[in-house]
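Report on the structure given below.
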Amino acid sequence: MAASISGYTFSSVCYHSANSNSDHEGFLLGEVRQEETLNISDSHIGSSEFLSVIEVHNHEPCAQLFSFYDYAGNINEENLDRILKDRRKNVIGWYRFRRNTQQQMSFREQVIHKQLTNILGIPDLVFLLFSFISTANSSTHALEYVLFRPNRNRYNQRISLSIPNLGNTSQQEYKVSSVPNTSKNYASVIKEHGTEFFDKDGVMKDIRAIFQVYSALQERVQAVCGEVDQSERVREKIQEEVNKLKEEIALRKRNSAEEERRIQEAAAETHPDSSTLPESSHSSLTGVVLSGPTAEPSLERPVNSSSPPIYSTALPPDSPSAILLPRPQAVGSPGHPSPSLGLGNGDGSSSDSLNRQATGQEDHEEDDDDDEDEDSSEYENLVSEQLQPTSLPDAVALGRPATLWPDGDAHSPPGS
């Protein structure tokens, strides 16, 4: 069993006791309630325990000592009813204030307490004892209190008394304990105007309306919770399908990449020489072009630009036919090759382009050199044909650089 007293009741009793000239006594008003305490252990096994709590809400002081009993401890019920009146059903105990005494119940107090328990019909009647102690020089004053619950076996059983707003306590004690208002004036005002604010059950009308709104909100919240739960389940299913589709797409990409790689490897194994053939032909053409004279061409243009390149520069120095090659011929001479052959000049330009650029210089020089060129070319050609009739084309093919045609491509001479 435990006991609790409100802060203003405790302060009122202490104030009345400290300002009195002698000892005094009175009655404690309140109620007894059952409080259930749940204890949950680490093994998730809960156990409930019921605790009886005595709550003191108010007090009723007596005018003087021995107001409802005599010196022998006999109680006068008429005087007791005159003091308590209609609050007799709210009595849960009585109290006594003594000065400079020990915190023990006297024999008279024990007799009075036993009679009050029988008259009021309260088996759990309690007794609150206040003692005021001060030093000789009045420098220190101490107010002590103790709560007793006398019974048949032991009269000095002490009960812990707690004050909700005294000490380092939590605010939950205010929610658990409710202190009713026992004022007569408050009761008369509520009785007169209570019909406007309270219904027949004593509950405020606004409170009932608030509870109705609260219930409606709770129903709506429960409905929304069901919808949210269903939508979350649908979302989880859709998310699973999306994840499966992503995995399938990634698998298809990997398979397609592997298939393309296999096709490329198979193509490379089937045609291994196809890629190397153009490179070899290109390198051969490049080799022919680069096999020409290494000397840089002269930037000065010769007087007779229509003459073909000198064969002595194209043939190797040790060629036996180098001394028998004809010297450059003029355009139109019988021994000069046709411009359509597109012989190169050694610097990458064709003879046709040079002929067209130097046309103005050729016209006034052709007449002077025609007779002389014809005689010399016929004689030299005759001598070369008698000495080496078949070695001239081979020599030209070996020593002549690749011919550049007007389209810019390099061509090897015929017979190469």
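Each residue, glycine too, has its Cβ placed from N, Cα and C.
These come from Swiss-Prot:
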COILED    228-262  coiled coil
COMPBIAS  254-272  compositional bias 'Basic and acidic residues'
COMPBIAS  273-286  compositional bias 'Low complexity'
COMPBIAS  338-355  compositional bias 'Low complexity'
COMPBIAS  363-378  compositional bias 'Acidic residues'
DOMAIN    3-149  domain 'MPN'
MOD_RES   SER377  phosphoserine
REGION    254-416  region 'Disordered'
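For the compositional bias 'Basic and acidic residues' (254-272), the number of residues in each DSSP class (helix H, G, I; strand E, B; coil) is 17 helix, 0 strand, 2 coil. Restricting the average to the coiled coil (228-262) gives a pLDDT of 94. For the domain 'MPN' (3-149), the number of residues in each DSSP class (helix H, G, I; strand E, B; coil) is 40 helix, 64 strand, 43 coil.
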